[in-house]
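Reading through the structure tokens given below for one structure.
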Amino acid sequence: MEKKNLRKEMKNKLLSLDSTLHKTKSKDIARQLFNMPLWSNAKHIGITISRGFEVDTREIIKKAWVEGKEVSVPKCSTDGERAMDFYKITSFEDLENVYMDLYEPIRSKTQLSSAYNIELMIVPGLIFSPEGYRIGFGGGFYDRYLASYEGNTVSLAFDFQLSHSIPVEPFDIPVQWIVSDLGVHKAEF
């Protein structure tokens with residue numbers, strides 16, 4: 001099956017997940033993440049603002065702030081380059097809903113973050129393989145960003161988002177860890 005169809009199928013599964021189960025599984029995933037040394041040691045994280053059907057990241061962001069971590073979220077370019085930069089936020093008030101229910105930083109309220117300073121990147125996606133490859137949302141923004149990123153990478157996933165095999169392109173960049181409600185999985189490179 002090609003990526004487009006796999007994306008559609010998984011998004012439908014995510015949308016049909018019971019809200020109570022979604023909340024419980026999101027908390028389990030966050031708990032697993034918080035127990036990782038990668039989390040404990042990171043002073044600065046990069047993370048997206050989750051949409052309703054994704055693993056909830058708002059509680060993760062709140063915990064990061066409580067622990068004194070810096071939090072940066074991505075802003076995608078609109079000039080056709082499909083580039084992405086991260087901006088440090090200190091409150092959810094620093095965000096705006098831009099399109100497709102995506103929340104991004106308001107440039108005038110935030111500060112540009114260097115990839116060098118972000119120690120832990122939490123990478124979104126729809127489907128994940130044991131090797132750390134992912135099927136994202138189809139824009140290629142993260143693969144381009146991760147090509148030169150040197151920090152630690154983690155993806156968050158509900159157990160049913162894990163797949164034994166997915167199509168992989170030469171430009172796809174795997175993550176190092178996948179955290180699901182079933183546990184923490186180190187990518188098998």
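The backbone N, Cα and C atoms fix where each Cβ goes, and this holds for glycine too.
Bear in mind that TrEMBL entries carry predicted annotations, made automatically and left uncurated.
Classification of Asn5 (ATP binding site) by DSSP places it within a helix. The annotation ATP binding site is assigned in TrEMBL to Lys3, Lys4, Asn5, Leu6, Arg7, Arg134, Ile135, Gly136, Phe137, Gly138, Gly139, Gly140, Phe141, Tyr142.
The annotation substrate binding site is assigned in TrEMBL to Ile49, Glu54. In the three-state DSSP scheme, Ile49 (substrate binding site) is classed as coil. Sequence-distant neighbours of Ile49 (substrate binding site) (same chain, 6+ residues apart, CB-CB distance under 8 A): Thr57, Arg58, Ile61, Val73, Leu95, Leu102, Tyr103, Glu104.
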Reduced DSSP assignment, Phe141 (ATP binding site): helix
Inter-residue Cα distance where the pair is Glu54 (substrate binding site) and Gly139 (ATP binding site), in Å: 17
Separation of alpha carbons, Phe137 (ATP binding site) and Glu54 (substrate binding site) (Å): 12
Residues near Ile135 (ATP binding site) in space but at least six apart in sequence (CB under 8 A): Lys3, Leu6, Arg7, Met10, Gly125, Leu126, Ile127, Phe128, Ile166, Pro167
Spatial neighbours of Phe137 (ATP binding site) that are distant in sequence (at least 6 apart) but have CB under 8 A: Arg7, Pro124, Gly125, Leu126
Other CB atoms within 10 A, centred on Phe141 (ATP binding site): 17
